[in-house]
Structures are given as structure tokens and as C-alpha cells.
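Feature annotations, reproduced from TrEMBL:
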DOMAIN    20-127  domain 'PH'
BINDING   29-56, LYS435, LYS437, SER518, ARG545  substrate binding site
DOMAIN    137-172  domain 'EF-hand'
DOMAIN    173-208  domain 'EF-hand'
CARBOHYD  SER188  O-linked glycosylation site
REGION    447-483  region 'Disordered'
COMPBIAS  451-475  compositional bias 'Acidic residues'
DOMAIN    489-605  domain 'PI-PLC Y-box'
Amino acid sequence: MATNGLEKTTGMEGDMDLQFLLQGGDLLKVRSSKWKKTRYFKLQEDCKTMWQESKKFFKSNQTFSLDDISAVRMGRQSDGLRKSTDEQVEGRCFSIIFKGRRKNLDLIASSDEEAKQWVNSLQKLVSNMNNLSLQHRTEHWIFSCLRKADKNKDNKMSHSEIKDFLHLINMDVDDLYAEMLFEDCDKSKSGYLSGEEIEHFYDLLTHREEIDVIYGEYAKTTGFMSPENLVDFLMKEQREKASLADAHKIIEKFEPDENAKAKKLLSKDGFIMYMHKPEAMILNTDHKELYQDMSQPLNHYFISSSHNTYLMEDQLKGPSSTEAYVRALLKGCRCVELDCWDGSDDEPVIYHGYTLTSKILFKDAIKAIKEYAFKTSDYPVILSLENHCSVEQQEVMARHMSSILGSALITSPLGDGMPTNFPSPEELKGKFLIKGKRLNKLEASFASEAAEADDEDVTEEEESNEEDEDEEMEKEESKKKKQKMAKELSDMVIYCKSVHFHGFEEARKNQSFYEMSSFKEGKAMKLAEESANAYVRHNVEKLSRIYPAGIRTDSSNYSPVPLWNAGCQLVALNFQTNCPDMDVNQGRFLVNGKSGYILKPAYMRDVGTEFDPITLTRGDWLKHKTLHVMIISAQQLPKVNNKKSSIVDPLVKVEVFGVPADVDEKKTSAIENNGIFPFKHHTQTLVLHLFCTLSRGIFSEF
């Protein structure tokens, strides 16, 4: 329970960076140009919690967990530091970026060297914690809980402290069982546990009986798994295509005992280490990397897309931030939105018009997008412009994008002559595409006498298809019969020209391939339900973008699945909101190297397709499959709330998302009062039924 024991569980025992954080120091906390106050920061002895203390007047203490940190960034990269500090302190500034909607922590050190030390130390520890195996995470968590339960910090555990500890780890046991555990470990009969007795108590808690059973079935070589035994396990239990070469690699990588490794054997400890690693996840490891054909036209892919990307919270009064673009891009988003309005000093700004959301400079957003666009994926990023600016500030927008994005910005079609189809994601790697209004047809650029004069207005009818979520915005826009547009900005729109949707037949006859429409969630859902096959065919040739209904002022989301079923490529969600719909979206784009592009099934790329996700009239898609999911084990489940007395009654729910015929849900019975190892003696099997190849295709990822 001593700090040294917790250091061991981090794998950084004696590390100088860890010692620096444990010692701590003063930093200047920045909230605004007028609010800058000294706070003392240090890492607590659990090696997982940062503590800050106010030293003046009324002392106050606050903490945050390293698990909540998304990134630590050197310099004046945050909106707050750029607005509240001068360039002279650039080298002393750094920001701690949190997951979710928590605000950044902007800090200034006393010197450039000290700032680098803080940043390097925090980055190192956060990276180390993120890379710990599940086994080491469990050990660290349990040691932390043991330390919390040790009220008098004497490195001994009384009977009452053991009871408190069991509550902390989310396990409710009756007094008789707790007494039995205590007596079994109290070898000295002293009335408390210490030293090796606590280690024995830990071993009892972490013993994985279900792992013993599985390992025992396949460890046929004098109590060890041979490569042949391991292949047998991988093929029968994991349903993987495995060879002896694969088994040798696993033994070489995960076996901790050098003697066993030399004999090409896998011990139980090695087996447990393997089972705790990503290699043993249900996700098909081959599909974690890029595996799909990326040479198809752009419109043949589902594309990870964000709505009102600049917002950190709600749609009415929450903050706008360049950090929101950074987070979305790092999650693999490939289509971000910029709502552009006239700002002061001839600088366009981004915010949600006619609301109390804060504003950020357009150029700052473009700079952030440029820096983070291709850190997660090399494939193209679409900048979806909702343009409310005057012609003069549109010209400024064009200049900023040209100067900041440079040659990465697509400003003319690839190849020679007028294109007849989209380029592929592969051809567009590292490039930016602009989605927005255009003064004329792209073909006019190739005509010998390109007309310009009467094309310099964008009519209200065309504008009405853009995101008209606010009634006030609609009233204001209705006052303008025509909205002027800068030619410099118009000419940057090549493959994603926004046009109004007048119906599938009109689009088929009169729309060029690069002309695309945006649909409100409600209208899109109705089309996907009532005209599903027509929508699928439309999306074989054109791009469609869907955005949330205006009533979602809380930044809630809708299910993207019905729109994917209809072949819609750009189904935009509020990336700042963690919810089941966002989980489904992130799960869909988890594969294919997190590229943000998923190739649509062949029958959703065929212009003559008869596929209809609602009726499923053809038998080719109606092949019944049964999915069996056996729930063997779970551990270290979180409390529903932070109350000490709270104990969960966990269950496992498995859902199938897909065409209506395949939507299914099964769940296990609840295990009462046990969040640490709830299924230890309660193995359960769930059976789900699949009918359509579209949904079954999802399970090829597993």
C-alpha cells in the first residue's frame, strides 16, 4: 500500500519524471487576461490523481485523474492562452486537455525548461497509464483502493477497513463472507492484515477461476500450452485463422518466464497477459489496419462526419473552440463544419448564428484543422462551409484557406479536362476539399467563354437547403432576396457543390455528379423509410449530407444507422456528445485503420441496385444466421455514481444495429451486488438472429 507499491504498478518505479510530479510545484493558472493565479500542483501517492491547492486566503483543494486527460500540449495552442497571454511567454505555456466537455487547464511555468519538464513528465505518465495491460490496470486500481481504505495510513488493514475496501471496489458481501476472507488471510492472528497477508488477500480477489478452466482445457503439455495447443485454442474458441507461426509469435511476445519461452511453451501467466491485450479482442485484428480498397470514387464510402464541429457543448450558449476541431479530427472525423459570419477588424468568425455561443476566428480554426487533419488518418478532409459572410470577408476566408492550407487545398479537378466522376480517397490523400456554394457549374471553368456576370448571386432557394435550424436565422435570411458570393471562394468549390434537393428524379436528370444536397435529419429519415431504394440509388451517384434537427439544442444525436442503410455517406453527428448513437458511429469507423472511410457494400455501389433495406424483397439478402455470444467473465466494472455505498447489479446487453429485419437485443440476467468479478460463477449465453447480409457484414469485423 505504500507509494512504492503503487509506483511498481505503473511500471515507472524510480523514474525521474514520476518523482518530479510526486514532488510537484507552483504554476500560474490562467482563466482570462485578468484572472491568473498561482496554484500548487502535485501528483498524489496513488500515482494517478493530480492535486492542486490554492495558497491564499481560503485554501481550497481540487483533484483530477490522469485517466481524464486527453492530451498535454506545449505552447499557446489553446484559445484561452492565445487570447489571455502575450507571445513572449509562448515557451512557458502549456495546456492540459481533458476528455469530454471539461474545460482545458491553461498553465504558465516559471521558465521554458520547467514547462518542458511538466509537459514531458505528464505526457510520459499518461502514455504509460494508457498502455498498461488490463492486469496492471487492475493491480493499480486495487492498490489505490487499498490505500484509500487504510484510514490511519499504518499499512495495515483492520476488519472494518477491509469492509470499506470491498465497497470501494464495487463488491457487496455479507459479514460472514468478509469475516471468512479476513480470517483466511490473517495468518498471524493479529486482528489485522499486513505485508504478505495483504498480498494473499489481493491474490484471492484477483484469482480468475474461469481463466483456469479455459487454460486447463488446452494446456496438454505438462501443464503448459504448446504451440499446437495454442493454435487449437485460437481456432476453436477465438474462431481465428491461426498457424503455428502465429502461436510462436504470441509465446515470444507474452510469455514472461524465460525458461518456458525457450521451450516454446505458454504458461498460465503468459496466457493471461495475452488475453488482456488488444490481440485477443473480439475485433478482427486484420481489420484494425487499412484493409479495404481505397481506389473507389469518393461517394462509394461512408465518411465520418461532424455537425457544428466548433461547439464544445450545447447549441445555444456553449463555448466555441478550435479544440473541438482537434478532438473531432483525432477521432477520425473527415468532414468538419464551419459556420462563418462577419467579424470585427475584417476577420471572419465562426459561431452558431443568432445564439449566445462564443466566437472563434476563422483563421484560427483553419490553422488547427491544418495541424491535426492527418494525425489519425491520411485520407481527405472535407470542410463544410455554412457561409453567412459579406463578399469582402468571403475574400478574406479564401485568402486564409489558400495561405494556410497551401497546396493541400484542392482548387481544381485532378487530371486533365472536365471530370465525370469523383476521385478516390487514395488519390486525395493529404488533401482538403471545400463543400459550399458555387457561382456556376464546374463545366463553365472548361468552357471557352465562361459566363460570370449573372452567376455572382446565390439565390435564396439554394440557400434554403442549408442548415436553417433557427427560425430567427430563417427570418433574417428571408429578407435577402439574393446573397452575394466572392468568386475567389466560389472557385475553391470543386467536388462538393451544395444545391437544393428537388426530388430524386430531378437530381438524376439535372444534377452533376459533384452537386450534393444536405438533408435535415427528419426529412432524411422520411426518405429513408418511404423511398429507400430511390435513396440508395441516388447515393450511388451523388453525395448526401445529413445533419441533426434544430430542436436538438442540447447537442443530442440521432441514430446514423437508418441513413447508412440508405447509402448516405456524410451522416453528421455532434461529436462533443457521448451517447449510444455516437458510440455506434465510432464503432462503425473503428476499423479500416481509423481512416474515417468505410467502403459501402457492392450492392450499394450499383446504380441498378434493387436493394431496399425496408422491404428486403430479394431472397439474396435473406439468409438466416444465428449469433451465439457467451458471456464468460467481467471485472472491475465502475459504480453508477460516486457514492461510497453504491454497488452495481451488472448485466450484459448485446444489440444488433442494421436493417429493420435485423435489429435485435438480448441481455443477461443481472448479477446482484458485484462489480468486480460479476460473472465469475455465472456464465451466460445470448442468441441473436440475423437475416440480412448488410448487417451480417458488420460482423465480419469480429
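Quick reminder: no glycine exception, Cβ is built from N, Cα and C everywhere.
TrEMBL annotations: computationally assigned, not manually curated.
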As a test of the contact definition, list every same-chain residue at least 6 positions from LYS435 (substrate binding site) whose Cβ is closer than 8 Å to its Cβ. CYS335, ILE382, LEU383, SER384, LEU385, VAL493, CYS496, LYS497, SER498, MET516, ARG545
Mean pLDDT for the domain 'EF-hand' (173-208), rounded to an integer? 79
Do you know offhand how many angstrom separate SER188 (O-linked glycosylation site) and SER33 (substrate binding site) by C-alpha? 61
Name the residue among the recorded positions THR49, SER188 whose Cβ has the smallest number of other Cβ atoms within 10 Å. SER188
Least buried by Cβ count (within 10 Å) of the binding-site residues LYS29, LYS37: LYS37
Among the binding-site residues SER33, PHE41, GLU45, GLU53, which residue has the fewest other Cβ atoms within 10 Å of its own Cβ? SER33
For the domain 'PH' (20-127), the number of residues DSSP places in helix, strand and coil: 35 helix, 41 strand, 32 coil
Secondary structure tally of the domain 'PI-PLC Y-box' (489-605) (DSSP, helix then strand then coil): 49 helix, 20 strand, 48 coil
